[in-house]
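Okay, so here's the structure we're looking at.
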Amino acid sequence: MRAVSDFLKNKWVAVPAVALLILSLGFLAQNYITGSFVSGDQIEYTSNSEFFDGEVFVINYIGDRTTDKIHAEIPASELASAADGEVTKELTIDITSQETYARYSTTSTSLSRIYAFKAINSEVFTDTSSSEVESRKQSWAEQNCYDIDGDSEIEQGDDYTQRFWVDGAIADYYNAQVYCVRENGYYGNIAELSSPDKEFEAEVEVKADGETPQSTTLSNSDLGQGRCDNIGEYVRACWTGLNPTGEGVPEPYNVYAIHSNTFSPEWRVISAERYSSYNSYVENNLYSQIEAWKEGSLSQEEVVSTANDQAAQAAQRVSSGSFTDYQVEDSSYENGQIRLNPSYDIAWPEFTFYVDGADYISVEKPVGEPRIVNVEGDEFGEKQSGTVTAEVENTASYEGSFSARVSKCSDSFGYDSLQETKTVGPGETVSFDFRVSFTSDSFDQKTVSGSCEIVVSDTGDSSNSDTAVVDVEATQSNECTPNEEFVRTINSTHSRILECSSDGLTTTEVDVCGDGEEAAFRDSSWTCVSDGTLPGGGDGSGGSGGGGDTDDCVVFAVGDLEIEDPFCADGPLEMLSKMFHLVAGTAVAFFTGSLGYRAGRWVDGEYQIKGGFDPLKSRSVSRAKRGRFLIGLIAELVSFLLGFYVILLVPIWAQLMVILGYVLFKYYTPF
């Protein structure tokens, strides 16, 4: 009692528990055993039960199979050891009796009934003719005699016999004396027995100290294998199967069943051997005894007595063999049921008992007491992640297993819902860190404030928990390129021209294109134009330089590099600009080609040779004078392309000013 008192002073928390007792019970009917204990290694403590809430005891028990009665005591110390807690009540399981038996069903057959007989005779005569007396004799026999050979025909020599004579002083009289037996009632219809079903009954009582015993009668004939039934309010039992004992179940090979309303009960198990003897007597001996009666060697009473003795023997209840101790459980002709109780156990039943520990077994288990003593939030940007932290202290005097998680966050803030579990000693503090994120569809730059909820509980008792709210802040990211215009489509039908603010976070609507209009890039800005003004039906999304305005002018593109058709232009002014580009490209090509020619001769040590770059010069000219033709040709081609497409970047007004300046410098002479 002192240990229990100290335990309660330490504020252990009562935990709802369920005792799950798995008992394999199989016994032979001899003695009554007391004190059959369960060893500690057969007890587990888990939190899985399909019938009751809370933790459960898993207590495995296997009977010693030496009795039909058992008294199993499960000490409180064994339960406490498995639960790692305190249990003050012992649990006892009493099987006050149990028996196993075989059940047989009756099956109708075409076997003949068992009849009682009466010996009869009659004299038939006529003065007409012998054929007439023969006809009258046969008619009488068919109406009164039993079909002994069972061929559905009443025949002389098989089913009846006769004496025939003729007499008369004045006229002839034809006489016939007929001898046979007829039915004088029957004992019943014959049926076969089906193969047996193994069944059991057990009187079970489960009791915890100081509680009302829970008891019932269990039988698989009511439950069915794997099914469960209640034993009172707090106990549930499941039958899980039958283990064979090694003893065979009697098969109904040597017996039949006979049904008659004159029997009590109406079904009776009879000997198959006696039934066969009765049939053999009728088929092989009854006719010869009728002949003996006709000849006078047997009396009429002796024939009847012998035949009816055979029938009575066949209809008697079986008196030897395995089926002497049976019970009729259903007397109806259609659903006859025979129960056989052998003198030995034919199987051992196995049970699983579920005992509600919350109300029936007191279990006290030490758990921790979590308290959140501090929380820390975080500030982070959009599409980034931050960390929230909770510091948790165990304020109990016992070790706790604390599980923490983020249960919810404000809108637009995401979180990882997985929980983290840590073991915390008495008075210790641990930290839990959780990742949070932020995502928004808004264009407005702003700081968004929110919060997340953190929940911590002890895994041994979820009611021991604490909750705290932590603040979080997130900053909206840029949504566009500062000071640039761009186009968005409204409902896939209309273009909307927007201008990005200087901070890249907000936009201003510039224009919305109407029906039949598209957004096109013109003179370094976006504008709405009619569909027909776009070459090739394009959307006018070209760049802002002096090149073409549509993608129709692009003949080659790799990444951001695009090469346009030099003769593709939007208007005469752009065509004039491209003509200047051709002139500039050609000039640059000849200049760089000459430079490449000179460089090639310099490399060959021919820098003192005079002459110009003329790739079409006669082949008789020395190789040294020709220089490196291939190098010069490649340099010329590259220079032309560079000259043409570099000049494309120069606006046309700048090109005109350069040309005008060159002309003035070349041809103008001041006074």
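Placed from the backbone N, Cα and C atoms, the Cβ positions cover glycine too.
If you look up Swiss-Prot, you'll see Cys145-Cys180 (among others) marked as disulfide bond, on the strength of sequence analysis. Long-range neighbours of Cys180 (disulfide bond) (same chain, six or more residues apart, CB within less than 8 Å of its CB): Ala119, Ile120, Asn121, Ala141, Asn144, Cys145, Tyr146, Asp159, Tyr160, Thr161, Ile290. Under the DSSP three-state reduction, Cys180 (disulfide bond) is assigned to strand.
According to DSSP, Cys452 (disulfide bond) sits within a strand segment. Annotation comment: Swiss-Prot describes Cys409-Cys452 (among others) as disulfide bond.
Sequence annotations record features per position, and here Swiss-Prot assigns disulfide bond to Cys480-Cys500 (among others) based on sequence analysis. In the three-state DSSP scheme, Cys480 (disulfide bond) is classed as coil.
Sequence-distant contacts of Cys528 (disulfide bond), defined by Cβ-Cβ distance under 8 angstroms and a gap of at least six in the same chain, are Ser495, Ile497, Asp511, Val512, Cys513, Gly514, Glu517, Glu518, Ala519, Ala520. Following the DSSP three-state reduction, the secondary structure of Cys528 (disulfide bond) is strand. The disulfide bond feature in Swiss-Prot is assigned to Cys513-Cys528 (among others); the stated evidence is sequence analysis.
When pLDDT values are averaged over the region 'Fusion loop' (168-173), the model yields 54. Residues or ranges marked as region 'Fusion loop' by Swiss-Prot on the basis of sequence analysis: 168-173.
The topological domain 'Cytoplasmic' feature in Swiss-Prot is assigned to 1-12 (among others); the stated evidence is a curator's inference.
Residues annotated as topological domain 'Extracellular' in Swiss-Prot, with a curator's inference given as evidence: 34-574.
According to Swiss-Prot, the topological domain 'Cytoplasmic' annotation covers 596-628 (among others), on the basis of a curator's inference.
Taken from Swiss-Prot, the feature transmembrane segment applies to 13-33 (among others), supported by sequence analysis.
The transmembrane segment annotation in Swiss-Prot covers 575-595 (among others).
Feature annotation from Swiss-Prot assigns transmembrane segment to 629-649 (among others); the stated evidence is sequence analysis.
Per Swiss-Prot, transmembrane segment is recorded for 651-671 (among others), and the stated evidence type is sequence analysis.
Counting in whole angstrom, Cys452 (disulfide bond) lies 30 from Cys480 (disulfide bond) by their C-alpha atoms.
Distance from the CA of Cys409 (disulfide bond) to the CA of Cys500 (disulfide bond) is 32 Å.
Look at Cys513 (disulfide bond): DSSP puts it in coil. A C-beta separation below 8 Å, combined with a sequence spacing of at least six in one chain, links Cys409 (disulfide bond) to Tyr415, Val436, Gly450, Ser451, Cys452, Glu453, Val472.
Around the Cβ of Cys452 (disulfide bond), 24 further Cβ atoms fall within 10 Å across all displayed protein chains.
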